[in-house]
C-alpha cells in the first residue's frame, strides 16, 4: 500500500488510464483505512454565484462578476468549453430582475452544458431545523447544569433571542437565505454538496438525465481556472477539499469540495453541528468540524498531516486566483 500522501498525489492528477490495483488503493488516518473512491468523468461540476448587489450590472450583462480582476463568468464559460462532456452547474441567488434572468437563460442557450440553478428552486427542507428548537435545546442544556456552573448571561441571551425570532421565520435555512455576506454563500454551498447529483436532477434541468440523484459533485470557486480536462478523481472515503498553505501553516478551505455521493456522512456530520449550536458557522463548523468528526481527527493528531490526507489538488486547476486581487465584494 502506498502512503496516503503519495496515493493522493498520484490519483489527483486527472489520469484516466489507471490500473485495477490503483482502484483498490486505500489510505489511512487515525488508525482506520479508507478506500480511494472514484469520481468519474461524468460527475457534474458546480460553481456558485450569490449576488448581493445585482443592481451593479449593466443592461444586457449576465449578473456574474466578469472584470479584469475577477473574470468569474469567463472562468465558468472556460470550464464549460474544456469539460464539454460534463454538466456545469451554477447555483445562483439574489434579487435578480426579469431581464437579468433572461441573460441567464441566454447563457444556457449559448452553452448547452451550463445549467443555472436558482437557490429558491431547490428543495433543501430535508436539511432544515426550527431555530426555536435549536435555542430551546441550548437553553435546556444550560438549565441542566448546577446553578453554580450555569452561564446566566448566555442563558439570558438565548431566551431573548428565542423571543425575537420573527413570525414565519422559524427556520435555520430561512435565516441564511436572508443574509447577504459570506455565510450566505457558505451555508448553501454545504447544502448543495449534500444534494450533489440530486441538485441537478430535482430541478428539472434538461440534459441532466444521465446524472444519478445519488451521484457526486465537484464544487469549484469561480476564481479557480481549469486548464484541461480533470478526468477521474479519487478521494478518501469519497470526499476531499481544497487546502490552503500560508507560511507552512495549512488549513481546510471550502474553495473546492469533491464528493462521490449525495448526503456524504462528513457533510451530514457538519450539518448536525450546525443544528446543535446557536452560533455555528457553515465554514468552520459545517464543513471543517464535520470532516474532522467523520475522520476521527482530534487535537492529538498532526493537523498538517490531516490536511495532506484530505487535500484535493489537481495539476489542471489553478486555485484561488482572487488572492492576488482585492475582494469582489
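Glycine too: its Cβ is placed from the backbone N, Cα and C atoms.
Swiss-Prot lists 13 (among others) with the feature N-beta-linked (GlcNAc) arginine, giving similarity to another entry as the kind of evidence.
Annotation comment: Swiss-Prot describes 48, 49, 50, 72, 219, 220, 221, 222, 322, 327, 328, 329 as UDP-N-acetyl-alpha-D-glucosamine binding site.
Annotated N-beta-linked (GlcNAc) arginine per Swiss-Prot: 53 (among others), in sequence order, evidence recorded as similarity to another entry. Take the CB of residue 53 (N-beta-linked (GlcNAc) arginine) and look out to 10 A: across all protein chains shown you find 11 other CB atoms.
DSSP assigns residue 159 (N-beta-linked (GlcNAc) arginine) to a helix in the three-state reduction. The N-beta-linked (GlcNAc) arginine feature in Swiss-Prot is assigned to 159 (among others); the stated evidence is similarity to another entry.
In the three-state DSSP scheme, residue 320 (Mn(2+) binding site) is classed as coil. Residues or ranges marked as Mn(2+) binding site by Swiss-Prot on the basis of similarity to another entry: 223, 320, 322.
Here Swiss-Prot flags 253 as active site, proton acceptor, drawing on similarity to another entry. The secondary structure of residue 253 (active site, proton acceptor), as reduced to three states from DSSP, is extended strand. If you take the C-beta of residue 253 (active site, proton acceptor) and look for same-chain residues 6 or more apart in sequence within under 8 angstroms, you find 241, 242, 243, 244, 320.
Taken from Swiss-Prot, the feature N-beta-linked (GlcNAc) arginine covers 293 (among others). For residue 293 (N-beta-linked (GlcNAc) arginine), the number of other Cβ atoms no farther than 10 Å from its own Cβ, over all displayed protein chains, is 16.
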Those binding-site residues listed as 50, 219, and which of them has the most Cβ atoms within 10 Å of its own Cβ: 219
Closest of 48, 50, 219, 221, 223 to residue 293 (N-beta-linked (GlcNAc) arginine), Cα positions, binding-site residues only: 219
Neighbouring C-beta atoms (10 Å sphere around the C-beta of residue 159 (N-beta-linked (GlcNAc) arginine)): 14
Cβ packing number for residue 322 (UDP-N-acetyl-alpha-D-glucosamine binding site), 10 Å threshold: 19
